[in-house]
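Novice: I am attaching a structure below and will ask some questions about it afterwards.
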């Protein structure tokens, strides 16, 4: 069957590993503190999630509340040199900590096996730079998650998200003949934009990732009402970014792919 999904391109933190996407958020808070003794909140740290990490720090500096704190302390806005300094603090912290957040999210291993049984290739890309991915990839493999290909945010001269380049590099590496036969899966808006810009179907994850922003343990004990409110908040952001589908976690992906395959068979395209 030619007219079906041939590849999925998966994000990492909050999508396949690190439920709630905590590895990067906590490190941003620590890097701001370490480099300039400026406090940011976890909620603020989550706002630009999905961008490359230098661009993420730049976006944090432009948040009105963070800019106000910066102005109060330094009588100016954040500069490129400031971003470099925070990034320099961020990198060793992230490299050291990322292995602690490398366990696959519940359902990921079984889902990957089911997709591979259907002949679907598993691509991946991340807002993490290569130095971090070189630690994360083998750690995740040790836990049983090993995609067919991965691309880091600083691998390509053209750049990272929300541009299409990391997703398209997966298409090239995996030998996929049509972007309409690919699905980009992500828990943050820039990754949905990436998939759309690459001409792919896009699936947002509303519970496992950054926008929901809870640990697995917290999620397990959360009231149904709280889950519903958080899910709606996350889903609305992902749909606003243009996601074709939004589900809770990667475990829900096979059902979505069956739906997309039916649409492809009828001649639909993303």
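Cβ coordinates come from backbone N, Cα and C, glycine included.
A quick note: this is a predicted structure, and the numbers were derived from the prediction, not measured.
Not my notes, these are from Swiss-Prot:
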ACT_SITE  11  active site, nucleophile
BINDING   11, 13, 187  Mg(2+) binding site
ACT_SITE  53  active site, schiff-base intermediate with substrate
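Show me how these features fit into the structure around them.
Specialist: Other Cβ atoms within 10 Å of the Cβ of residue 11 (active site, nucleophile) number 30 in total over all chains.
Other C-beta atoms found within 10 angstroms of the C-beta of residue 187 (Mg(2+) binding site) number 35, with every protein chain shown included.
Under DSSP, residue 53 (active site, schiff-base intermediate with substrate) is assigned to a helix (H, G or I) in the three-state scheme.
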Novice: Other residues with Cβ within 8 Å of the Cβ centroid of 11, 13, 187 at the Mg(2+) site?
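Specialist: Checked against the 8 Å cutoff, the neighbours are 12, 14, 15, 16, 18, 21, 49, 50, 126, 127, 186, 188, 191, 205, 208, 209, 210.
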Novice: In this structure, which of the recorded positions 13, 53 has the fewest other Cβ atoms within 10 Å of its Cβ?
Specialist: 53
Novice: Translate the DSSP assignment of residue 13 (Mg(2+) binding site) into the three-state scheme.
Specialist: strand
Novice: Using Cα coordinates, what distance in whole Å links residue 53 (active site, schiff-base intermediate with substrate) and residue 187 (Mg(2+) binding site)?
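Specialist: Answer for this pair: 16 Å between alpha carbons.
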